[in-house]
Amino acid sequence: MLEKRATELILEDDVGGKNVKEPFCSQYRCGPLLGSGGFGSVFSGQRLSDGLQVAIKQISSDRVQQWARLPGEAAPVPMEIALLQQLSEDLFDFITERGALPERLALRFFRQVVEALRFLHAHGVVHRDIKDENVVVDTRTLEVKLVDFGSGALLKETPYSEFEGTRVYSPPEWILSQSYEAVSLTVWSLGVLLFDSVCGDIPFERDQEIVRATPIFTRRVSKECQSLIRWCLSYRPEDRPTLEEILSHPWMVEGEGEGEEEEGGDLQEDHSSLPKQSL
């Protein structure tokens, strides 16, 4: 499935000339046409560095009504691209740039993800690819959104025997028996996500580490937070909490409402370089 977060833009006209097209061609291979509309066409594609499947949108520059410049970019870009670049980033980039997050901020993001998953499950959908790259952060409001449902499926009570998510976020039962249930998979992935948020990296890289199910905390993390992570990363699926139990865990309850203004104030971005026009 094509990843929404990897969408790229080609400009047909000569905005920057070869400087626009050559870097693109050195990084991506354009594939067949997927569809077209009034503002352009969308092609399948592949990122050459790692083979990632992407969607490539091609538009004519004369259809772009507003332009803006980004720091370090020689050519202007459409306003929509500038706003997305300046105001949003995925949680992977957010953590990469800032390092391990303070627990109160990690909690703020984590609670929103858990609530989003509860909503999905209540409507009969399981995401199956919970990871930092699929959580988009609005750096103005610190609200997060869950994206990329390419690995999603209808929720069912019986086990699944296929998995198209990210292996380092998959649970021991998938590694050992290629089978898992929706809620236990989701909760395991949430444990990996929370560890990643408060420690700055994922707990497991290899299958042997996943099967061992023993996270090693590389940073100082409160006992309450460690408790929730270890519970989510229980080896046996039946020992893991439900989403409701996660929300009622002491770390979640005691931290509710604490420090949000303080954390948010430290992360306000400088958007003064963006033009003030509305889209």
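Glycine too: its Cβ is placed from the backbone N, Cα and C atoms.
Keep in mind the model is a prediction, meaning the values are calculated, not measured.
Features of the protein shown, as given by TrEMBL:
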DOMAIN    28-252  domain 'Protein kinase'
BINDING   LEU34, GLY35, SER36, GLY37, GLY38, PHE39, GLY40, SER41, VAL42, LYS57, ASP90  ATP binding site
ACT_SITE  ASP129  active site, proton acceptor
REGION    250-279  region 'Disordered'
COMPBIAS  255-267  compositional bias 'Acidic residues'
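Listed in sequence order, the residues of the same chain lying 6 or more apart from the residue listed as 'active site, proton acceptor' and placing their CB within less than 8 Å of its CB are ASP148, GLY150, SER151, GLY152, GLU164, GLY165, THR166, TYR169, SER189. Confidence for the domain 'Protein kinase' (28-252), expressed as mean pLDDT, is 92. For the binding-site residues shown (LEU34, VAL42), fewest C-beta neighbours within 10 angstroms: LEU34. The binding-site residues examined here are SER36, GLY40, ASP90; by Cβ neighbour count within 10 Å, the least packed of them is SER36.
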